[in-house]
Structure formats: C-alpha cells, structure tokens
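Colleague: Below you will find the structure I want to go over with you.
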Amino acid sequence: TLHVCDSPLVSSLPPSSFRSSSQLSTSHAPGFAKLNRRDGAGGWSPLISDRYQWLEVDLGERTKITAVATQGRYGSSDWLTSYLLMFSDTGHNWRQYRQEDSIGSFPGNSNADSVVHYKLQQPAIARFIRLIPLDWNPNGRIGLRLETYGCPYTSDVVSFDGGSSGLLYWLTSGLKRTSRDVVTLKFKALRNSGTLLQAEGQEGLSLGLELERGKLLLLLRQGRTSSTEPQRLVSLGSLLDDQHWHHVAVERRGSHLNLTVDKHTERVQIPADFISQKPVTSKKNFNGCLENLLYNGHNLIELAKNKKQQVTISGNVTFSCAEPVSVAVTFTGPESFLQLPGTTVSSSGGVSIGFQFRTWNKAGLLVTFELPQQGGVAWLYLSEARLRLQIHKSGVALNDGQWHSVELNSRRGRLTITVDKEERDSSQASLSFPVTIESHLFFGGCPVDDGSQKCRNPFNVFQGCMRLFTVDNQNMDLIKVQEKQLGNYSNLQIDMCGIIDRCSPSPCEHGGPCSQSWTVFHCNCSDSGYSGATCHSSVYEQSCEAYKHKGNTSGHFYIDVDGSGPIKPQLVYCNMTEENTWMVIQHNNTELTRLRPSPGVNQYSIHFDYSSEEEQLLAVIKQSEHCEQELSYHCKKSQGSPLSWWFGGPGTGRVQTYWGGAQPGSQQCACGLQGDCVDLQHYCNCDADRMEWTEDSGLLTHKDSLPVRSLVLGDIQRPGSEAVYRVGPLQCHGDRNFWNAAFFDKETSYLHFPTFHGELSADISFLFKTMASSGVFLENLGIKDFIRIELSSSTQVVFSFDVGNGPLEVRVESSFPLNDNRWHRVRAERNVKEASLRLDELPVATQEAPADGHFHLQLNSQLFIGGTASRQKGFRGCIRSLQLNGVTLDLEERAKITPGVQPGCPGHCSSYGSLCQNHGLCMERANGFHCDCSLSAYTGVFCQTEVSASFKSGTSVSYTFKEPYELSRNSSALPSSIYSDMTLRGENVSLSFRTNQSPALLLYVSSYYREYLAVLINKHVLRSKVRSLTNGQLHTVSIRRLTDSVSVQVRKTTQILPAPVPCLWILTHFLSPESDDLDADLSRLASLGFTGCLSVVHFNTISPLKEALLRPDSSPVIITGPLAQSNCGSALLCGKSMEHTEIIVAPCTLFQFFYKYCSPPFLLMCICILSRHLN
C-alpha cells in the first residue's frame, strides 16, 4: 500500500516551538502563526517589515516534510507574496530549499485569508523549518500563518570521529555470488576528505568510495600496498562537506557500476571478475555521520547496534549524530559585510584572528582592521587566488599635504629607508642590497632630452614641494642651483612651495567626501544620492508624480522633495494604481491596536514615528495638492472628547480636538457633521458612552494638522471600558511643482523674478514645449557676469554664462526637432569645476572651467523667464516645473498678473500618450493625463497589466453580442454594443496562453449564420523552430482579417492567406462551446476542457475575459465553473525568451482541414475556418 505522508505538523505544537526574528507586539508573537487560527492578532508580524525577518518552527524531531501552506494575518492587510524556505537538523547551518535546484522563492498569498498550498517537489527531512519573507503586500506589512505537512521519519545513524573508527561487514563464506549488488546510504561530512566505503576483491583489487576536497570519488586500486596510485573511475558532487545530508547509491550489475550522489548518476566499467571478499581499513577515515546504510537490503547500522557477528565495530563509534555548532555566513553581493568587535590585549600582548572561508572568486577582501597604535590599516585579501597582506601606516600614506622626511642610507651592504625619522610613527625598512652612487641624482623626474638614458622614470612625475636636500650629510644650496652654479633644473619654482588645498573648504555638497591631486579635486558622490562634479544635483525625482511620468508603476522610490536643496532623499511607496498618484509614508504603528484598562493607568499616550524626517514630511505636505490620514477610534464604554485628543502638524504637533471626517476646530466627528450619530445629543458616536462597540472614523485632510504625531486616550480606566485605535499612513497626491506652468504667446512677453543667487553652484531644470524654432528660456545679468539658457535652433539648446573668465557655452544637439509641441526636459548645472547640460535622455554635455580662474557668479539684475531684458529673442510656448537650486518658481501665480503670459499649459497627451500601452487611450487632465483602458484587454495605470485567468477543465466564459433587433425586443439580457446582423469588413483577435495540454480548444467563434472560427492545439509541429507550444511557456496568437485576407501570427512570424468570404463572429466561447453548435469531432475535443492560462483576450474593441473578471455583473458574459484571476499571463513567468514559430494555414472545410493538417505528426496549432458557402 502507498504510504500517505500529508499529516499537519504545526497545528498541535506548543508556542515554545516557535521563534522569530522579532514581533510587533505580544499579540503578534510567532506562536500565533498557525493556519486558520485567530488567536492573538491573528498571526505573526515582525517589528519591522524587511528581508531580514524570519519565522522558525521546531518540529521536535527529524521529520519528512512534503508540503507547506501559508496564509496572511487574520482580518488584516498583512500577507506575504513570496518567501524562502530553509531547513535544518540543529537550528543552525540552514539549507535553502530550492525548486528544481535553481528557483529559491515560493509564491505567497494575495489576501489575508486564502490558503496557498505548495507541494514540495522533493520531500525534505529536517527538524527545524525557517521561513524568510521576500515580498509582502505593499499596502501592509509582513503577516503570516502557516502549516507544514508530512509524516514521521525514522532512521539508523552512526557517527565516526575521523580516527580509527569504522564498521567492518564480513560477507558470509559460501554466499552465492549475485549479478547485482546495491549499497545505499546518506552521509553528513564534517571534513572534506575521508573514506566512506571500501571493499577488496580478488588479486589485490579494491574499490573505494572516498571524499576528497568535498567531491566523492570512486577509486579502483590494484595491489595490496597503500602506496599504489589508485585509478579514478568517476568523480561526483561538490561541496559535500557542507554538513548537510547527501544521498549515495552504488549499484553493480555485472561489470557495470552506477554511482548516484544526490540527483546525479554516472555509469562506469569495473573488472568483470571483481568480487568483494573482505573489508579494507583506510588510513583516511571518515569524520561525520552515516544514515540508513543498506547492503543488498541488510541494515548494517542496525546489525552493528544489535552486535551481530557479521559487523565488527572498531574505534570510537556512536549511534547518534552529534554535530558541532558552526554558524556560517554567506556574503551574497557587493553590499555584504560582517562587523565583529575587536580583540582586547591578552596577557602576552598578542592578537589572534582566525577563520575559514570558501569561494569561487579569485579576488576579494577577507578581513581589514585598523592599527591604532601605528595610525594605519591592515588588509588581508585574495588576489589572483593568492592570499596577500598589506599594511598601510600613517608614516607611509604620504600624500596628505604635510612635510615628510625621507632618509636613504647604505652601510655595510644593507640599504635602509627611513620615513619621518623625528616623528613617533616613523617607519623603517632594510634589506641586504649594497648601493653605490657614481652618477647624478634626479629628483621628481628626468630631463626630456636626456640622450644618455642615465635617467629613466617608469612612474608618474612628482608634483609637489621638496626642501632640505642633503647628500653625504652635506646641505645642498638651492640658491646656487637657481643661479646655475650647481646642478641643473627645468620648470621649477625655486624658493617657494606653491601647494594649495582644494578640499578646504570642501566644494563637495551633500556629504560627498573630497579628495585631491596636485591640480584637481574629486568628489565621491557614490553614496550621497547626488551627482555631478560637486554632488550637487539629485539623482532622484521630486515626487511620485514625476516617477509616474517616466513610465514607472507602483513601488518603493527615493524622493528628493527639494532636488539639489539640503533635504535628504527619503524612501516612500508610490501607489500608481488609481487615477491619482499617491505618495505613502509609513509610521511605526498603522495597525488596529486594542487598549484595555490597566491598574494605575488613567491615560494612554501613543507617539508615532515616521519613516521620513521632520523636514521631509513638511516638504511633502507643502508640495502636494492633497494629503490625508485615516484616524479611527473604536470604543466600548469609552468616551472621546473631551477626555481624548490628538496632536498634529509641524514639530510635536498642536492639540487637535476634532476627529476623522470633521473640520478643524469643530470639536466634532464625522457623524456630528452628517447628523447621524448614535445619540443625536452628542457630536461623536463614542461620546454616547454605550456598552456596545461603536466608532468614530474618517479621514483627516487639513494639511496644517498633518501628520498625526500622537494620540492621548483618557477614558479607558473604568471596568468594561475598551478602545481600539488606528492611525493610517500619511498619503499625499498631486505635485504642485511638477505641473506649475506658464504659456508665453508673444516674443516680447516674459516673467520676472528676484535675482538668482548661485555664486558657487547652480542647477536649473525645467520642461518646455514649443512650435517656435528659437527663443530664450531664462536670463539673468550682472555687471559683467551673466547666465542664459536658450533654444538657439529647432534642434539645439545652449547654456551660456560668464563668471569673469570670458563667456563659456555648453551645447546639446538633438537629432530630432525640438519644436514639435511635446514636452522636453532641460537640466543645466554650473559649479567651480565644470558646467553641464542635459536635454531629455541625450548624453550630457560638459565644459570644464579654468583650473585657476574666477568661479564666483555675481548677478544683480532681475531674473527673466521666457524673455530677456532687451525684450528680444523671447520664447513662445510653455515652460513648466522651473526649479533653481531645488526651489520651484511659481510661474502660474506670476502669470496671473502679467500681460501676454497665461497660467497653466494644457495638452500633455502629445508627450505622455505613448505611456498608454495596449490600445489604452490618453485622456487629458488639467494637471497631467490618465490612461483610459476601457478599450484595452489590459488594465493598470498605463494599461500594462495583463488580465489573465487560470482555467480548469470545467471552466468556460461566453460573451454574447447583440442579437438582431427583431430577436432582442423581448430579451432582458445585458447586450453588447454590436448587433449580430452587422456585416464586419474585418476582425482583430488576439490572445495569450500557457498550457501543457494537447489537444485543446482555445477559442471558438460562431456567427448568426452558423459560420465559425476555431483555434486549437495539437501535439506536433511542422516547420517550426520550437518543439512545442504546450511547454508551459507563454505564447501569443493574433488573427486579423480584412475583407478577403487573413493574417495569422504566432509569436512574431506572420503568414497571409486568402479567405474567400467574410466571417461574422457573433458568439465567443472559451474552451467549452455548446455541443449542438459543433460537429461531433470538434465537440469531443471541446468536451476535454482546457487546463492552463488564458490572457489578454481581445476581439476588435471588446475584451471578453477582462469583462468577465472585472465586470461580471454589468457585462453580457456567462461564467461556468471556477474562474480565478491570476498573473499567469505575465511574461516574467516565462522561462525562455520569445521565439518565432511558423505555421501553415489554408482555407478549407473544417474536416478536410482538421484531418489533413491537424493530425500527428503535422501541425502544432490549427486555425480552422469554415464558411457556409464552403459546406
């Protein structure tokens, strides 16, 4: 009988069997993470939701695990969308479970209550299970309930200490020779070398199974001496000393031997007359554990435990597997590091550091530490797979701009170099190397025209200062050198040191470290979030709105609200699933939290810490058009006002006495304004002081009161009083700066603002659109200095300025016209090192500033936008989102009071309409646009999200078009907008599918006149570049007819065929058309049903699958069987890239076509077209 191994393993465990990285509260403890349970807060949630969290379950003993099921936290928005599974026997040395040896993550949940069950492809044997969240609901936090399934696991285990221990199995004399021998076992190695099995045959032949450098070798030895070099028959496995269990099977059939290690098998030839006669003891004994060692069905470990005479025990052998605890760490990428505390000085004054490592890489840092007494650093690192040690001492790091003395002495055959002899941290090195000087000494470099080759310099020349030269203890007089009385020189500044410090004060902004050479400085902006020569310009957008208009969809983004200003970037969540683009800022407790009376506590004060800093929060609120925050108070015998209040606004906030849904200063709740409180004598439901649960909930939308800083709840001390509160995340939408625009309709019109101050660094960014070929965007003049950005021609933008060194220009040339009435983005920056100009996504153009010239930009006139002080060469068109050093100029307000300039600038679809994909229509808004997906088979903010469904064999969807008028007068069904008696000149049909089923009917379309089209899959393929369309990969089919031609496209190859008559498609069936509409053969095929995925099904302007999934109650659809929306149509799930497929299509009768072209071994996909005129 087949043993069923699917019993629940977790549900009966005590809370002590659960551990986690952290917990949000005691009610979110890991012991509550049991499937379908509602105890505590309904599951486990960690304190912080990130990828460093984990939940661990101790099953009590090693167990066979066959499946795992997950569920979100009950009644919440907290669930996992993907996770990793780890297993262990000891609670240490975890092993990640991988599907098919590569895919490590498991799919999670899509809501809090449904259960996602996953059967392990290979059962796992372990005592401990650890689940590591990878992704979770972006609008919630990590939340989990789980169950694992399996059955008890029993085994016999023996351990060897690596010395002389072993088991010797003596074959019974006179045992009949068999043609087949089988040895199976599992092993866990503590060292990377050792002998697992060894047997001796006739005439000195022996076979050995040995572990060497983590690989398992099958060795054949000839001769009885151990010095005989063995023959390696096969090598299998790698890293087998990882202290995890590995399966080994050795099967001999005659002279053939199969060796299996884990899932890999090799077949080798051995001498035909080899017969194992007696065991051989190896000098390389195994250190580790063996499990279930079977020889031809005999359990050798059980025989040894029972002290049977066939098995002899030698050395220190124990029948358990006690493992040393060795905790390894994995460095997975460029950001990985491990920091450990340093050592203390031992009594001997020494320091000891030791570790083991393993890697495939040739290079990498192993350990580094400071040398505080020497003021230096030590590095131990790999280079070209060799270990190297480098000491960096302060006496050797000599490019710090300070004076350093150097002495070179050669005495008695030893060369000695001393650096900074008079300093405490002087350094000295010597070697046996006699030196004599018989020629000249060259300092700093060599003469250019030294034909004698007496001076060679393979290094860079020296740039810096030198002094106090001595030779043989005699001072060298440099004045005599200057007067040409001693030696020679070239290009020296004698009697001075012209060193300057270019990093003091630092020209690097936003914390970028400054370094320098003799001529230039360098700012390291890599970790600052800013770019440019001085780390001035932010690399991030200023709002979620800006990210959306670059084509991004929902996710976490860094936002820099003031661009190049002082406010740091912040990580926020951008929700782009709605027409408005929401910026979501979390705080430390967005959950429903219950409060009960506590002895001695008369008042609760709850403070909320936000993920953004104070200045970031206030800037976001100021910049946004609308902000809101949910405030909910659920009460039972607990009054709100005046015993409770909250603080909101800047700093620690101001006292607020109104509640969600009400207006500031009203001292009311939403029900008070609406007049529907449970007690009309009060303005809040909770003020009624009832024993039943009630609530006062709503949105706070007054920006001056946001964000909510703290809650003070005061009426929870009475017996029976309870309260539950929730303060949601801060959510804002609309970017006032991004859409702030003005339209200049004349060359003489302009806006003016106060003088622009950008003495050392300036960045200017804006968007423009125009139909003019030239015009000045911006100009500001000084006495001599100026700054200007202009459209010099229809394809060129010029950034010009003068800081006193003469005019400099930076130009960007576009290959396409810029006067196309589309938005184009300009970003200009000028600093003490360079000027740069970027247009749209074209390569940035730069112009270096003079190394030692003027660098202060001094302006004193008004700043002109859209024109110049001379009122010539003005700009005609729109300028939007103009920012100078991160500050947005309010063009709209100034335009309201300026003749010739209009506030705002409509018409965004010409620029952003291409973001609307898959037949989505761009719709104009006053500030921006949105994509109308009603005519698209897709959904999402850009109509980019596929609408897919997982089908089972009994699932069908029918979409009914309008019947002819005379047939539909008395019908009450919901009709579509197309009448069945319309004559269509053509149709466009497309769909994507993913299945392993063949044959299968994908699509059936029939007409009022009994014409139809069918798309079906068969097993074989003719002239195709792929083997099968039923390989579980995503495939796309497009069928287009226009009058007398039909085009069929599978993936990307199109073939055209003639169609003699039009096809009128009136009823579309997926997978299960009614049998009375079909021939019996096609009906039998349809009766098989379809198991797989259908996605983005489109017929002309109608998307029937989308209607069935998203609007089943308001669309003319009929759904039979289970239909579940899924992401199975996502191309990201496709394991291979799209390939081209050829198919043969020809007009014919259904049965002629079906039997001629659709029978094996011919077509993979059949397109069957039948017209009543062909019957």
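Keep in mind that glycine also has a Cβ here, set from the backbone N, Cα and C atoms.
TrEMBL labels come from automatic prediction, so no person has curated them.
When I checked TrEMBL for this same protein, it listed these features:
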- 11-27: compositional bias 'Low complexity' (COMPBIAS)
- Cys878-Cys905: disulfide bond (DISULFID)
- 157-321: domain 'Laminin G' (DOMAIN)
- 327-497: domain 'Laminin G' (DOMAIN)
- 499-536: domain 'EGF-like' (DOMAIN)
- 535-587: domain 'Fibrinogen C-terminal' (DOMAIN)
- 740-905: domain 'Laminin G' (DOMAIN)
- 906-944: domain 'EGF-like' (DOMAIN)
- 962-1128: domain 'Laminin G' (DOMAIN)
- 11-32: region 'Disordered' (REGION)
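Let's see these features in context: how buried, what's close, how far.
Modeller: Note on the compositional bias 'Low complexity' (11-27): DSSP counts are 5 helix, 3 strand, 9 coil.
The 10 Å shell around the Cβ of Cys905 (disulfide bond) contains 23 further Cβ atoms across the protein chains shown.
When pLDDT is averaged over the domain 'Laminin G' (157-321), the result is 81.
DSSP states for the domain 'EGF-like' (499-536), grouped as helix (H, G, I), strand (E, B) and coil, give 0 helix, 8 strand, 30 coil.
The list of residues near the domain 'EGF-like' (906-944) in space but at least 6 beyond its ends in sequence, with Cβ under 8 angstroms from a Cβ of it, reads 545, 548-549, 551, 553-554, 576-579, 581, 625, 734, 738-739, 769, 821-823, 990, 1096-1098, 1101, 1103, 1105-1106, 1110.
Beyond the ends of the region 'Disordered' (11-32), by six or more residues, the same chain brings 39-48, 52-60, 73, 141, 145, 147, 591 to within a C-beta distance below 8 angstroms of the stretch.
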Colleague: Looking only at Cβ atoms, how many others are within 10 Å of the one on Cys878 (disulfide bond)?
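Modeller: If we count other Cβ atoms within 10 Å of Cys878 (disulfide bond), we arrive at 23.
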Colleague: In the domain 'EGF-like' (906-944), how many residues does DSSP assign to helix, to strand and to coil?
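Modeller: Going by DSSP assignments, the domain 'EGF-like' (906-944) contains 7 helix, 12 strand, 20 coil.
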